[in-house]
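Step one of this worksheet: look at the structure below.
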Amino acid sequence: MKLHEYQARDLLARYGIPVTGGGVAVTPAEAHAIAEQIGGPVVVKAQVHVGGRGKAGGVKLAQTPAEAEQVAGQILGMNIKGLTVEKVLVAEAISYERELYLSAILDRGSKRITMIASAEGGVEIEEVAKTNPSAIVKIAAHPTMGLLDFQARELAFRIGLRDGKQARQFAQIAGALYRAFVESDASLAEINPLVIKNDGNLLALDSKVLLDESGLFRHPDLAALRDPSAEPEAERRAREADITFIKLDGNIGCMVNGAGLAMATMDVIKLSGGEPANFLDIGGGAGKEKVKAALQIILSDPNVKAVLFNIFGGITRVDEVARGILAALEEVPTDVPMVARLVGTNEEVGRALLAGSKLIPAATLAEGAQKAVAAARGELVS
């Protein structure tokens, strides 16, 4: 689950991490009041769950409360990558000397929580990894004792913080960020940039926190922060239908049962020269209604040029999947070509149900992926 910037800022502040002053506004008048309370220049920032807000005009500097009200009026209601801005963060504008980067992630390679730091903050860490990988420092926390003090100090030293006061502050912030990550069941806790202000003190200027959906039952206070209006419509519908769904940038929709099989399906699509439009796992034992909801979600993406069904029926019955596909197509007629690889429990019944449809059959995953790629290119018709 994604937190808005203002929610992430408030969460980190609970752990003693210094953050900017300010507040969230849903009207221009509220933005005016917050800026007036701050009493100096402010930054008005759109609160939406997408990147590139600044380039889209969703981040603006305001020198006065009146200007803050004006720019808030421009940003509120703005459409950024398909999401409507309903809230803005009005934060004090900070003068600073240097930008740093700091984050906590779960490194699945080492199977440990890893702290990442860089002297090059303010830009995407992925870009730094490409252009100057030596500027990135990684230290894995101890699996039972957590991030140790000497590790936090080592992070500070290795990114070039030689001033004792700044190094101590950085180490304290790193320790606090680690605790926030662990105690919130986060999958990412990031401060970018972590700035050194003109007075020499450190401050978290922007932050990002992603929470593990599977851990939210332990954190009702954090679960209550979910903003359905800020989620893409497809992701909201998938969550309500108990479907695991992640939108991607390709044009081949995928419906699969099982996360491992779904990842393998995406891999084979790419190996066949295509690009998956989504990760979608209907789970074990999915019935007709869930399958119907899943297909409707896939078809709601205008980029989808073909759909691949890869169902291995164990707990999930192939005939139930077939009924769900037919039910969805009755409600949402489409010309999008569809390829079906259906094997397992009741597969003969499922195939018989789909025999009169326009679905393109495939005996293997490789064949299904190749046919889906060809269909997306307009080279194969049902």
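All residue numbers here begin at 1 and follow the chain in the order shown.
The backbone N, Cα and C atoms fix where each Cβ goes, and this holds for glycine too.
With Gly314, Ile315, Thr316 listed by Swiss-Prot as binding substrate, the candidate from Asn201, Asn251, Asn257 annotated for that site turns out to be Asn257.
Take the ATP site that Swiss-Prot assigns to Gly52, Arg53, Gly54, Ile94, Glu99: the candidate from Lys45, Lys87 listed for it is Lys45.
Taking Cβ-Cβ distances under 8 Å and a sequence gap of 6 or more within the same chain, the neighbours of Gly52 (ATP binding site) are Ile80, Lys81. Neighbour density around each Cβ, counted as other Cβ atoms within 10 Å, peaks among the binding-site residues Lys45, Arg53 at Lys45. Of all the binding-site residues given, namely Glu99, Asn257, Gly314, those whose Cα is no farther than the 10 Å limit from the Cα of Asn192 (Mg(2+) binding site) are Glu99. The substrate site, placed at the center of the C-beta atoms of Asn257, Gly314, Ile315, Thr316, has further neighbours from the same chain whose C-beta lies within 8 angstroms: Gly258, Gly283, Gly284, Gly285, Ala286, Ile311, Phe312, Gly313, Arg317, Gly344, Thr345. Confidence over the domain 'ATP-grasp' (9-237), given as mean pLDDT on the 0 to 100 scale, stands at 93. In this structure, the CA atom of Asn257 (substrate binding site) is 38 Å away from the CA atom of Asp206 (Mg(2+) binding site).
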